[in-house]
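Annotated features in TrEMBL:
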{"type": "BINDING", "residues": "Arg53, Leu59, Asn235, Arg330", "note": "substrate binding site"}
{"type": "BINDING", "residues": "Cys389", "note": "heme binding site"}
Amino acid sequence: MTDMRKKHGDIYTVQAAGKFVTVLLDPHSYEAVLWESRSKLDFGQYARILMDRMFEVKLPDYDPNAEKVMMRMTLQNKNLPTLTKAMFFNLRTILLSDPDRASQQWKEEGLFHLSYSTMFRAGFLTLYGNEGKDYEDSRNQAKDLAFSLEIYTEFYKLDRLLMKAARSILSAAEKKEINSLRKHLWKLLSVKRLDCRANRSVWLDSYKQHLVDLGVDENMQTRAMLLQLWSTQSNAGPAVFWLLLFLLKYPSAMAAVQGEMEGIFRSRRQKIGQMHGISQEILDCTPIFDSALNEMLRLTAAPFITREVLQDMCLRLADGREYSLRKGDRLCLFPFISPQMDPEIYEEPEKFRYDRFLNSDGTEKTDFYKGGKSLKYYSMPWGAGINVCIGKFLAVNSIKQCVFLLLSYFDLELKDPKAAIPAFDKERYGFGMLQPEKDVIIRYKLKAQ
């Protein structure tokens with residue numbers, strides 16, 4: 001796509017697998033697509049194709065935009081503090097109640113496995129509920145550890161095959177394997193089983209009621225629960241991996257983030273080990289962490305923003321050029337190429353600079369330019385417009401809490417500090433957070449408190 005951009009400019013049309021796809025890579029012109037009427041440009045049609053290919057989910061009268069509007073309130077505003085606190089307790093359970101991890105003996109583990117499993121398991125417990133109501137009951141914690149590990153182990157195997165399923169390129173053996181994995185996870189996530197769990201989130205109960213209102217039977221409800229597990233939990237773990245890897249590779253970044261974190265707790269005379277949650281006021285008071293997080297996302301978040309063209313229309317770009325889009329074709333934005341990795345916008349865009357999104361006075365930097373004009377969309381890891389990620393605020397809170405807990409309770413170091421940062425798994429382009437081609441081994445142990 002980068003080579004095509006050099007040859008043809010910021011907009012071009014390709015024919016791929018029998019489909020004409022117009023690619024737009026001018027961030028000044030993204031606004032025209034992101035806010036266009038759904039009667040002209042629609043995401044729902046492509047979403048339905050992916051839901052069926054990846055999870056065998058078919059929902060009657062499915063409207064992803066209407067669903068987002070309905071579900072947004074369950075993840076934001078008054079429900080956000082409850083979810084954030086639940087995530088804190090569940091992260092502590094996963095990290096500190098497992099004797100295999102919470103040890104003062106050095107242990108080696110893949111950083112990706114540690115990050116993904118921790119965030120996935122804690123996120124699953126936060127949204128889908130616990131074995132018992134009391135987070136701090138040791139018997140409940142043991143059951144939560146066991147069940148969340150069983151779910152994660154099966155899901156991780158499924159996740160290795162989902163990109164091929166989305167592109168319809170599974171081999172016969174892989175089709176057999178993915179069907180077996182889905183069936184096992186459907187048993188684990190059956191709505192009857194979920195109904196018996198304690199501390200279920202408002203999101204879970206609201207989503208189930210939404211499916212009931214659509215007239216979806218119990219079998220399809222269960223399949224939809226697996227779809228939502230992937231939708232809600234597949235990006236935060238990889239994000240924690242990349243952030244921790246960059247911090248471990250760049251000591252100045254680690255020192256700045258740890259110094260900010262320790263200063264916040266010290267100024268409030270608080271210790272994270274004595275807390276029953278991290279307040280939103282503290283989570284919102286981390287400009288250095290926020291800059292490092294935004295820089296990591298700029299480098300590693302690579303979703304396609306896709307629209308089906310529902311009627312012949314004219315697309316007017318920011319510079320006044322007009323292009324005709326044909327009914328039945330597809331329109332695609334890829335913000336990873338521009339703005340995120342655009343050298344005209346970011347100096348040495350391939351390098352991690354933890355303070356890239358900080359002004360000299362320590363405030364958030366939001367002024368970035370292309371062609372001499374200020375950009376509204378200078379980084380788009382969460383999407384934008386009517387399709388912006390509704391779980392963004394919970395995801396950011398969860399990533400912060402996970403990193404805070406890991407850095408507060410554990411000593412972490414790279415087994416081989418000189419090892420190169422791994423390349424991206426190219427299968428993942430277009431589907432959110434990128435994953436590494438191979439894991440990075442770290443050593444860690446519990447600090448003496």
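Any Cβ shown, glycine's included, is placed from N, Cα and C.
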Work through the binding-site residues one by one (Arg53, Leu59, Asn235, Arg330) and name whichever has its CA nearest to the CA of the residue listed as 'heme binding site'.
Asn235
Greatest C-beta neighbour count within 10 angstroms, which of the binding-site residues Arg53, Arg330:
Arg330
Looking only at Leu59, Cys389, the binding-site residues on record, which one has the least crowded Cβ, with the fewest other Cβ atoms within 10 Å?
Cys389
Where the record says Arg53, Leu59, Asn235, Arg330 bind substrate, what is the longest distance in Å from one Cα to another among those residues?
25
How many neighbouring Cβ atoms, not counting its own, are there within 10 Å of the Cβ of Asn235 (substrate binding site)?
25
